[in-house]
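Feature annotations, reproduced from Swiss-Prot:
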TRANSMEM  26-46  transmembrane segment
TRANSMEM  70-90  transmembrane segment
TRANSMEM  97-117  transmembrane segment
TRANSMEM  134-154  transmembrane segment
TRANSMEM  168-188  transmembrane segment
TRANSMEM  199-219  transmembrane segment
TRANSMEM  236-256  transmembrane segment
TRANSMEM  263-283  transmembrane segment
TRANSMEM  288-308  transmembrane segment
TRANSMEM  338-358  transmembrane segment
Amino acid sequence: MLLSLFEFLSEYYRGFNVFQYLTLRAILGVLTALIIAFLVGPAMIRRLSLYKIGQQVRTDGPQTHLTKAGTPTMGGALILVAVAVSTLLWSDLSNRFVWVVLMVTLLFGLIGGIDDYRKLRYGNSKGLSARTKFFWQSVVGFATAILLYYTAQAPVETTFFVPLFKDVAIQLGPWFILLTWFVIVGASNAVNLTDGLDGLAIMPTVLVAGAFGVFAYLSGHAVFANYLGIPYVPGVGDLVVFTGALVGAGLGFLWFNAYPAQVFMGDVGALALGAALGVLAVVTRQEIVLVIMGGVFVVETLSVIMQVVSYKLTGRRIFRMAPLHHHFELKGWPEPRVIVRFWIITVILVLVGLATLKLR
């Protein structure tokens with residue numbers, strides 16, 4: 001939005017050309033989203049408390065969580081507002097990737113918002129049925145996959161790449177649609193499952209999003225992409241503004257979500273953030289890197305799958321409780337210890353993911 005204005009003004013004063021630089025707009029995206037979160041956050045929390053939009057807590061979970069009942073939820077709306085405003089202000093709005101990523105994020109946020117609303121309306125922690133939620137996630141996921149497939153402007157956009165092996169490139173053809181659906185919906189649910197402790201999901205999301213900003217910037221630059229042996233995807237570089245906005249909004253939200261949390265993001269935030277990471281991985285052609293950097297999300301999801309399968313087949317549980325973070329809580333780990341250790345693991349995994357840029 002502002003980019004068009006600055007392009008017009010640069011005809012009268014060349015100093016406005018500085019806003020053409022992606023790095024500057026990314027920094028401004030971070031700061032804008034961060035400021036919005038700081039300014040709007042307190043008022044939103046007060047309003048959520050006023051209307052009694054509070055968290056519904058499972059009675060079969062760790063007993064320490066019972067004190068969280070009534071804490072304002074749906075704070076993820078703050079993240080979405082900050083990301084949307086910042087992205088629209090500083091991105092090149094003629095870029096198709098910007099619109100795809102932003103719309104996927106907002107649509108998954110809408111699904112999560114409806115889920116949160118139903119939990120509040122009926123006074124329990126169930127919300128939408130798993131089948132209904134999965135159906136609408138799949139609708140958006142498949143629609144996005146089909147859109148990306150039929151608007152692809154180069155073969156690289158539908159090719160599967162394997163990190164560490166620069167010569168391994170598999171042209172997916174129509175299978176790209178299935179992979180894209182799986183990555184977006186899978187990432188969305190993985191982040192949602194991880195969002196069970198104060199700040200547990202948002203910090204890894206910020207770290208992974210920041211790393212994808214690096215991948216987007218390098219993949220959108222022909223010289224850098226060729227030097228590093230990564231896919232060159234024209235136009236994807238402008239997503240560094242979106243990832244910057246996501247980092248800024250996430251840090252701003254963490255200010256209020258850090259232990260002990262003043263607000264929870266709810267499904268409106270968790271489903272949206274996971275979908276955002278998924279679609280970022282798809283358009284930068286770094287699906288495997290998402291699995292590496294988002295290892296915490298992957299393990300949390302696998303713990304749930306393993307728990308369910310084991311119980312159905314043998315009647316026994318592998319973990320004291322799933323997702324995995326609850327297992328450690330029931331082992332006696334204080335909540336802050338679980339959170340920070342999962343953060344540390346994510347930092348390490350993100351560094352490993354970034355290292356794949358050079359190890360090819």
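Glycine too: its Cβ is placed from the backbone N, Cα and C atoms.
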Residues of the parent chain within Cβ reach of the transmembrane segment (288-308), under 8 Å, 6 or more residues beyond its termini: 161-163, 183, 186-187, 189-191, 193-194, 204, 207-208, 211-212, 215, 274, 277-278, 280-281, 317-319, 322-325, 327, 342, 345-346, 349-350, 352-353, 356
Recorded stretch, among 26-46, 70-90, 134-154, 199-219, 338-358, maximising Cβ pairs under 8 Å relative to the transmembrane segment (168-188): 134-154
Considering the transmembrane segment (97-117), which listed stretch of 134-154, 199-219, 236-256, 263-283 counts the most C-beta pairs under 8 Å: 263-283
Contact set, same chain, for the transmembrane segment (236-256): CB under 8 Å, 6 or more residues outside the stretch: 22-23, 25-38, 41-42, 45, 75-76, 78-80, 82-83, 86-87, 90-92, 95, 97-98, 101-102, 199, 202-203, 205-206, 209-210, 212-213, 216-217, 219-221, 262-263, 265, 269, 273, 276, 280, 283-284
